[in-house]
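Here is the structure we will look at, set down as structure tokens.
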Amino acid sequence: MSSSISPLPPTVQRILNIYLNNLPAVFATRYVAAAALVIVLYDWLLNLGDEVRLIYPGRRSMVKMLYIIIRVSTLIGLIVVNYRLAGFRPPLSNFLMSILIPTLQILVIAISNFLLMRRVGPLYGNSWKVVYGLHFLFLISYVATIALSMDLILGLLPGTRYDPLSDCCFTLSTPTRPIAIIYLGPLLLETVVFLMTMYKAYKAARSTAAMPRILQVFFRDGLIHYFGMLTVRVFCIVITFELPLAYGLLGVYLLWAIVTTMTTRLFINFRAVGNKEVEATWGNLPSSDEASELRGREPRVPV
């Protein structure tokens, strides 16, 4: 007596295949998210003494406020993400995971770009063409990033389903355009800021005058920041082309952690040198918030 197993309906088989293929992506994303949280926690503990000494005692300023937003929102966001991926929890709010967390990610990266962008204007004597040109590029790049992100999300929503067995969502939809395009706007802005900074570094290196220490730190850390960000962004872009859609978040949490770590370290180093060379060096950057804060005056150029 023989028995045969009838094949599953095509739709059921397709959903089962997606479920089985997505499980490795869930586990990989879980490990990377945990690593990102460890990076942020370790960096904060490592630099807490410097922050207490150099950042927090200063008077209230836009730079200080944005610095704290980067630090706190990244830590809270990654804790929530890891709690969500851990599997030992009740269902979380769809608004929290699909709207609030991605918004925090974009906000932190935008603040990082904005803070670094504002350091370029004083290098060019606060030329209105440079200042307004960079602000316009910043606005355009993030308007485009947000618009493209919303378009991609809305395109995936119709085929998105919640699977109670894995406690995750998956989608049967295909992106209408390459996901990598959401990384291009910020990458363009960072590249422009980097090239403008390195041009001034090149001119300063060729000058016979001694370069102030604070400018050396700015050029050095700016170089490290750009290539660190470039590496992670290229990693994210490669993932979108080479791996299935389920791996899309694999590099996002790492990018979030690296942005926070490198930006806060740059400003801690900046402040440490600034405390030693206030009058000798900040005269070269007359409009920065830090210079005005250290001198006890209001910034001469409004943000």
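Glycine too: its Cβ is placed from the backbone N, Cα and C atoms.
What TrEMBL says about this protein:
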- 25-45: transmembrane segment (TRANSMEM)
- 31-76: domain 'DUF6533' (DOMAIN)
- 65-83: transmembrane segment (TRANSMEM)
- 95-116: transmembrane segment (TRANSMEM)
- 136-157: transmembrane segment (TRANSMEM)
- 180-202: transmembrane segment (TRANSMEM)
- 223-241: transmembrane segment (TRANSMEM)
- 247-268: transmembrane segment (TRANSMEM)
Same-chain residues at least 6 beyond the ends of the transmembrane segment (25-45) whose Cβ lies under 8 Å from its Cβ atoms: 51, 71, 74-75, 78-79, 81-82, 85-86, 166, 168, 243-244, 246-247, 249-251, 253-254, 256-258, 260-261, 264-265
Contact call for the transmembrane segment (180-202) and the transmembrane segment (247-268): at least 3 Cβ pairs under 8 Å, seq gap 6+: no
The domain 'DUF6533' (31-76) [mean pLDDT, rounded to integer]: 90
